[in-house]
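Participant: Quick paste of what Swiss-Prot says about this protein:
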type	residues	note
BINDING	HIS47, SER68, TYR139, ALA140, ASN141, SER156, HIS226, PRO227, GLU228, THR243	iminosuccinate binding site
BINDING	CYS113, CYS200, CYS297	[4Fe-4S] cluster binding site
DISULFID	CYS291-CYS294	disulfide bond
Amino acid sequence: MSVMFDPDTAIYPFPPKPTPLSIDEKAYYREKIKRLLKERNAVMVAHYYTDPEIQQLAEETGGCISDSLEMARFGAKHPASTLLVAGVRFMGETAKILSPEKTILMPTLQAECSLDLGCPVEEFNAFCDAHPDRTVVVYANTSAAVKARADWVVTSSIAVELIDHLDSLGEKIIWAPDKHLGRYVQKQTGGDILCWQGACIVHDEFKTQALTRLQEEYPDAAILVHPESPQAIVDMADAVGSTSQLIAAAKTLPHQRLIVATDRGIFYKMQQAVPDKELLEAPTAGEGATCRSCAHCPWMAMNGLQAIAEALEQEGSNHEVHVDERLRERALVPLNRMLDFAATLRG
């Protein structure tokens, strides 16, 4: 088996930054997208980490802004025949797995995810084969092929509850791909978890020294942290949770100032939820010339207005998501297990 992904040494195929549009160009593409959505019987679903103007457009056109699973779930229930998925590639794949009868379009199929890239299916299969006694649980941020190998798919919003459940059944776990989220879940549940060593390029950049300095500057601020962050950052948090859970925490915490350690794309919906509170970005390591993500996923940034318009207008191999049917059927099994489990929690 080849060496597993190491976020400290990996070379990411970062995309070029999109060319900024003028005000007139933005207005032109916004109107064009609205028209094309109607003509195509399409609905737009956008992730919390996309740029604010993309989230705003999804709102204005009756679409959805949420985490990756809710995006796919919304799309499956919506009567539209076409889903425009503004996010990264695995999100489009998940939408296709749950809605095979629908046309799934993305602004670009080149929008990757460091967690997905960091868990190649060949290496992961070998890893699982080496530990056949373990139940395989994979994060939503994985390819359809990796999901197809799993017993369960999970999102950060129900990860603790699911592992608690599996641990109560005496099951030992393989967790992939995010090592930080895996360790957080392990600490919360005490489960027997063997972690794959992947990491999110955005959350892995948050460092304690810079966050401590910001905390000293704003001692009245609460710290909100996504569990994909390193353990030392999680330990500093007043609230830890998924994107939707962090937005909920922003509303319930009494603090008027919040330091947020996740992708800054979340600020659009979080600020809507708490319009009277001040939101501060948690600092990332290597700011300036050596900054890598700077608290914003470079692949999420590929979801621009021009690319969305082109996807709706052109379709084709550059924009339409396809998943092999046999692979889709296998990946659907652990996804449905998760959906059924999540339904019991809501009940």
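Yeah, the Cβs are placed from backbone N, Cα and C, and that goes for glycine too.
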Participant: Quick one: Cα separation, HIS47 (iminosuccinate binding site) versus CYS297 ([4Fe-4S] cluster binding site), in Å?
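Facilitator: About 12 Å separate the Cα atoms of these two residues.
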Participant: Tell me, which recorded positions from TYR139, ASN141, HIS226, GLU228, CYS294 are within 10 Å of CYS113 ([4Fe-4S] cluster binding site) if we use the C-alpha atoms?
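Facilitator: Within 10 Å Cα-Cα: ASN141.
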Participant: Using C-alpha atoms only, work out the spacing between GLU228 (iminosuccinate binding site) and CYS200 ([4Fe-4S] cluster binding site) and round it to an integer in Å.
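Facilitator: Rounded to the nearest whole number, the Cα-Cα distance is 7 Å.
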Participant: Measuring Cα to Cα, tell me the gap between HIS226 (iminosuccinate binding site) and CYS294 (disulfide bond) in whole angstrom.
Facilitator: 15
Participant: For ASN141 (iminosuccinate binding site), write down the residues of its own chain that are at least 6 apart in sequence and whose Cβ falls under 8 Å from its Cβ; none is a fine answer.
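Facilitator: In sequence order, SER68, PHE90, CYS113, LEU115, ASP116, PRO177, ASP178, CYS200 meet the Cβ cut-off.
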Participant: Report, in whole Å, the straight Cα-to-Cα distance of TYR139 (iminosuccinate binding site) from CYS297 ([4Fe-4S] cluster binding site).
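Facilitator: Per the Cα atoms, CYS297 ([4Fe-4S] cluster binding site) and TYR139 (iminosuccinate binding site) stand 18 Å apart.
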Participant: Below 8 Å Cβ to Cβ and six or more residues apart, same chain only. Which residues does that give for TYR139 (iminosuccinate binding site)?
Facilitator: LEU115, VAL153, VAL154, THR155, SER156, ALA159, TRP175, ALA176, PRO177, ASP178, LEU181
Participant: Excluding CYS113, CYS200, CYS297 themselves, which residues in that chain have a Cβ inside 8 Å of the centre of the Cβ atoms defining the [4Fe-4S] cluster site?
Facilitator: TYR49, VAL88, SER114, LEU115, ASN141, ILE201, VAL202, ASP263, SER293, TRP299, MET300
Participant: For the recorded positions listed here (CYS113, CYS200, CYS294, CYS297), which one has the lowest count of neighbouring CB atoms within 10 Å of its own CB?
Facilitator: CYS294
Participant: GLU228 (iminosuccinate binding site) has how many other Cβ neighbours within 10 Å of its own Cβ?
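Facilitator: Excluding its own Cβ, the number within 10 Å is 28.
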